[in-house]
């Protein structure tokens, strides 16, 4: 190994270390020293941005051709779903009058939902849609997620930290949905596990006696929001964009914050819900009687109360190296199942603000939010006079990092 000692190095000890073949131990000592000076919050940010494995993406051209077969009775749902992807990614689509033979996507009727084609090798895929899926644009978006390389969130290599799979309850036909990725031949992205992803299987999917197929380990309240088939989560779109558009905005809008990503025109960033501005550093607008939208947590327990017709987006921060602890003492909103973003209460308490936070819709009491980081975002949507939120927050010590 070659090395160079600059003029500023005056201590012969360093030279002796190198001359006596002690370079590697010396290098390790320097690395250890640099780690000691790294911000603890930065370490937590780095640790939370766990890689997510995504199945091999099809090698389509862009714009992508697509054909809708005669058996499809609701072609408008397909077109709306594709238009949605065009809005949030660099992808573009062009309809063909005849079945595609070489490059593109063929939508056909099928008795079961499936996607065929050899990923990474083929530019052609067939998507088979059932009658029920044709009438559900959310199901259509879920299938498009598979088309563009997304796998079920429960297949993540690190899923054991977030869900517990009950294999004995799942029928053999459905077990592949929960098969964990092994990491080979996959694309890796810095996004946290997302319970609100449109790729999360329903809680009781494929079970023999309608039992739970899995348990949410981060909080039992996540079970009320998994399996939604309404909309892509922010990170769903971010991952699709990274696969197909990742090299388009290297110089522009590269300082996207809070888990955002460059928009199709590269001039601004696409922000996760709750954030705004060119690089998503600002809070999105609040409406109604929300009070201060930037709060500081201290060791003293503080209270936040919101009532009535409001849309409140509130940032709560504690000192670096500590965590914000939040408890929902009581709340009342309309009940939805599954509960999704933009309804009721959402608390983004983890490091990756692009991942869906804990969403609660309905009436709850004494719900603890796991203290995880020094920054939290509270979003409350009240649309009736008797809707309300009462929560407490404070700064707490952070547990030691385990490597």
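Each residue's number is its place along the chain shown, starting with 1.
Cβ atoms here come from the backbone N, Cα and C positions, even for glycine.
Database features, via TrEMBL:
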| type | residues | note |
| --- | --- | --- |
| DOMAIN | 46-246 | domain 'Peptidase M12A' |
| DISULFID | 90-245 | disulfide bond |
| BINDING | 142, 146, 152 | Zn(2+) binding site |
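Of the binding-site residues 142, 146, 152, 142 has the largest number of other Cβ atoms within 10 Å of its own Cβ. Neighbour list (residue 90 (disulfide bond), Cβ cut-off 8 Å, at least 6 residues apart, same chain): 62, 241, 244, 245, 248, 264. Excluding the listed site residues 142, 146, 152, the same chain places 143, 145, 150, 151, 198, 199 with Cβ atoms within 8 Å of the centre of the Zn(2+) site Cβ atoms.
Per-residue pLDDT, averaged over the domain 'Peptidase M12A' (46-246), rounds to 87.
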